[in-house]
Structures are given as C-alpha cells and as structure tokens.
Amino acid sequence: MAPIDPHSFTDSTHSLTTHISLTFYFDFPSSTVSSATLLSFSTPYTGPLTLDTRSLSVSSVLDPLSLSPLPFSLSPTDPILGQSLNISISKQTHQILVLSKTSPSSSALQWLSPTQTFNKNHPFLYTHCQPIHARSIFPCQDTPVARVKYTAKLNIPRELSAVMAARHVERRDPIPSEAQGVCEDSVWCGDDRVVEEFVMEQPIPPYLFAFAIGELGFREVGPRTRVYAEAVPEVLDAAATEFACTEEIVMVGERLFGPYEWERFDLLVLPPSFPLGGMENPRLVFLTPTVIKGDASGSQVVAHELAHGWTGNLITNKNNEHFWLNEGFTTYAERRIVEAMQGEDIASLNIGIGWMGLVKDMERFKDNMEFTKLKTSQAGVDPDDVYSVVPYEKGFQFLQRIERQIGRPAFDDFLKKYIGTFKFQSIDTDMFLNFLKANVPGIENEIDLKLWTEGTGIPPDAMEPVSNLYSKIVSLANEFKLGRIPREDEVADWKGQAWELYLENLPKSVEASQVRALDALYHLSESKNYEVKVAFLQLAISARCRDYYGVVERTLKEVGRILYLRPLYTALVQGDRKEEDSAFARRVFSEACDSYHPIAQAVVEATLAKNV
C-alpha cells in the first residue's frame, strides 16, 4: 500500500474518483441515512480499490451495469481513520456502486430533535465534514487529493426543505426506480416524501461536501447571496441585517484576488450547536448564530469564509499536514478585505487578536512543538485534536513577511499568478515554495523559508502589529495591573474587537474585586459578542470569581462553538480550585453534551481527560 495522505486509506497506485452520484434516503426517527454511492473514475480501472469509511454499514458493492456483486471487506476499526472498504475489481470498469447506511453516531452528522430548534416543530439535520468526516456519510477517497464533482438526490420528509453546497436543480416528487436500492420503491415514493436534487459542477475535496435539512427560510441580501436559517422571522431578519454588505465584500475580494469562481455565495445560519464560527462550503457557507452581533461585525467571519473561495476551495492543501496553505492564505486574504473595507486600524486589531492567539497556542503545544510548525507530521494524529490558530496566524505572519520583503504591489501580482496557476488543484508546501522561488528570484536569500515552514515556534522576523489604536488598547490593558480601569470616554468608540484585544492583554492573575468593578462599569458578562463575553468569563474563572459561574454554565449550555467551549472548559480544569471547578465542568458537560456536535463533544472530552 502506498498512502498519499496520513488521514486516508487511499492508495496512490489506485485510480482516483472524479465524480460521485449520490442517492440519499433520510430517516429522521432512526437518525440514519441510507445511501447509494456511484463512484466514477477518469479511466477504466481493474484491481484492488480502497475507500474510507467510518461507522458505516456496507450492505453491497456492485457493478452498476450488470448489478453483479463485487467482493469487498471492511478492515478492523482504526480510532482515527475508521475502516477501509477493500474492493476487488476483476474487470475493467469506469464505475462501482456501494450501498451503505450511516450510524446514528456518524461524526459528520448532527441530528437535532424538534425541541433543539427555534420553532420546536420539526427536526433539523446538518453536516460538518472537515477534515476527515465525509467518510461517515458515504464511502469515498476522503482526501483533498481526490477532488470530485457530484450529483445528489436527497429524499426527505415533505414538510422539510434541503440546502446544499451545490447548485439546486429542482424540488419534485420521487420517481419509482430511482432509489438505486437504498429502500423499496414504495418507501421512496411515499406520499409524505419529496426529492431535492443538486449538482456540483466543479471539482471539490470531499471535506467540502455539505447539506442541511429542516424548516428553512431565506432572505435575499444581494444579487448572488441569500441568507438561509430556520424559518423564524426574527432570526432571518437579524441575519439579513448583519450580512447586508455581503455583495460589497465579494466585490472587494474580486478586486484583490480575481474573479469569484463559484457563482453563488449563499449563507446558512445554523442552530447554536454548530461547532465552528463558519465553514467555507462552496456556494453555501455555514455560520454559527453567534456571528449575529447586531453591529455588522459578523461580516468579518463572512470575509474569511469568502476568502476561502480563492484559497482553500479553489487551491486546497494536499492533506492536513499542509493545512496552513488553506488557512494562512485565507487569514491573509480576509485581513486584506477587512483593511479595504474598514481601514488599517481595524485590520491591526484583527492581527493583534490573532497574535495573542498564536502566543497562547505556542504555550499550549510547549510539550509537543511539532504542532507549532507550518508543515507538520500528523501520522497517527487525529487532526481535530491538534486544531489550533497556528496554521492561521503563523501562516499569515509568513505571507506578511514575504509581502514586507517584496512590497505589496509585487505580492499582489504574485498572489493572482499563484491562484491562476493552481486553481482547482490540491498542493503541498514544497509546491508552494518552489513556485515562490521561481517567481520571486532570490527570496530564499532574504527569508529563511525552511525556518518559517519547518521550524518550531514563532520566527524572530514575525511582527506584532503596529497602530495607534492597537498601542492604546495594549497600554490601557497594562494599566489594569496598577488597578486602573479605562474611563468611559477612552472606550466610547470601542466595538467587540477592541474589547476582545483589551481582555486578551489583561494579566491572568487579577483580583475578583477588579473583575466585578470592570463588569459593573461595562457589563461585559452580558455582551452579545461571544468573543468578548468568553474572554471576560475566562478572566473571572482565573480570578476565582464565582459570581459569574452561573453565566459560565449558561454560556456552555447555549452555544456549541469549539472556540468558546475549549477555553472555558480548559480554564475550569486548570485553575487553582481544580478539584471543585473540575467537578463543576464535568457536571455542566454531562448536562450539555447532547446538544453539542459530535466533533465538539470529542474536543471537550479530550480537554477534560487531559486535566483529570
């Protein structure tokens, strides 16, 4: 076997899938999806074929023309990779058909009961496949190397609707004989069922496969953008207001990086359990409701997910060891968009918050510095366990260092050439560095490229941001050590990012009385901006200020975003009152975990286990 990705069973000597035709039957009472997966190859293939699966029951593998069975076996379960589906193809073929069924514990799917939704009337289902969870929905070569186009037929309850990160073809009645063996025709064509059909005409890595099913509504906010959410007028209206400037963001992105290749840039605001801030699924970005802050500042997350339309979706890391190629470039691109729209001061705040996060993660990985590198070694490592801001912020710093060296105009030209050269490809760090050296002659003599990509820690030529606003906020944070709280006139024009930067720069050892005084004046524990609220609650926990533990508990129970869960649970189990606070953390998790996405559950479980 010659693996091409440490997180996939895919063999480099086997043919790669280029197209997948998917037929899904969704059974909400059992929380399962029955699937027919038709995999197509670019050229006829014969021999062994290995696919990735996780928690799938595979009933048969067939030649789709003759419907004759093909021999197959499932390997023992690997705790990270799942199971390999090993198929023997004795005659040359372009296609194989696999019939399978998901487990209720599928790591990519979150099934929400009606009581977990806003309207409390209907269930809700959504996916999250990054980095290696598509295999828990259907068998595939679950590696970014295997970019695929696909079609999908989703058979769902008639009272619900579906959206997908693909072009919507039609909503129609089911047709007899199209079930492809996922269920009986009588079940497929039930009076209470409807089919939603989609097509993705551009090749994507499997982790960008995404759909959601529920009682959905939408608002038009631009010529190529709808905002979808549960069909609750106040949620839809708040989302439409928050993201009203989306078309302007897209136009700025196009001006900086070239044409937007994905036609639509729709947004889906998911229920609070969604584990991330956003997910860059092409044509349909998934967002946490916590980005709706009432002041349009949530558009920064939109800018980041849009930037993936060029860096990440259009050009993709070959595997997770090169994740910085997705996220470092996208963080750079996001900040260029923010700078163009909101000015250098706001962009510098974003860079400052990122810098603080980078410093924190250097401390987090002090006993395993491998994961402070840009180019990492991840064999035998669950990528969800080592997820951090390092690929984002160290990657950003690397690109900004190149920009400082050659100047912005030259770097802009380089970026556009890079995007044009590698679009719809999956690449690795060496391919990028070779392209860089070929197009910026002598750059390796000016910047230590090996130190930046393979070295641990923060390189000496990384740079903390410089701006008057940034310096003022850091200075006021330093004065807090002396007992001085900022005056109201000093913070009158601060928005969420300024407060977040201020709180991140406060000393970690403060008195409970100082925490109470700060909150009495500025009500940070009540902030609608969760980044601000969570940063304040971390401070309260470190100060052993139990007045706020009720707010901590409510926060951990009302949101499922890992960005908030990990630091709050970590603060509780690492503090001075470790035994008491650990018991509190475990109780809260036991009561809240059913509302978390499976990926978030695993992150919190790992956090608690490390700090027993």
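Backbone N, Cα and C atoms are what each Cβ position is placed from, and that goes for glycine too.
Here is what TrEMBL records for this protein:
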- H304, H308, E327: Zn(2+) binding site (BINDING)
- E305: active site, proton acceptor (ACT_SITE)
- Y392: active site, proton donor (ACT_SITE)
- 468-608: domain 'Peptidase M1 leukotriene A4 hydrolase/aminopeptidase C-terminal' (DOMAIN)
Inquiry  = Return the residues near H308 (Zn(2+) binding site) by Cβ distance under 8 Å, restricted to its own chain and a separation of at least 6 in sequence.
reply    = E280, N326, T330
Key: Proximal but sequence-remote residues of the same chain as Y392 (active site, proton donor) (Cβ under 8 Å, at least 6 apart)   = W324, E327, G328, T330, T331, G354
Inquiry  = Residues other than H304, H308, E327 within 8 Å, Cβ to Cβ centroid, of the Zn(2+) site?
reply    = E280, E305, A307, T311, G312, N326, F329, T330, T331, A333, E334, Y392
Neighbourhood of E305 (active site, proton acceptor) by C-beta distance under 8 A, where only residues 6 or more apart in the same chain count = G278, M279, E280, V285, L287
Inquiry  = Just to confirm my parser: what is the rounded mean pLDDT across the domain 'Peptidase M1 leukotriene A4 hydrolase/aminopeptidase C-terminal' (468-608)?
reply    = 93
Inquiry  = What's the number of neighbouring CB atoms sitting within 10 A of the CB on E327 (Zn(2+) binding site)?
reply    = 24
Task = Tell me the Cβ neighbour count for H304 (Zn(2+) binding site), meaning other Cβ atoms within 10 Å of its Cβ, over all protein chains shown.
result = 24
Remark   = Helix, strand and coil residue totals from DSSP for the domain 'Peptidase M1 leukotriene A4 hydrolase/aminopeptidase C-terminal' (468-608) stand at 107 helix, 0 strand, 34 coil
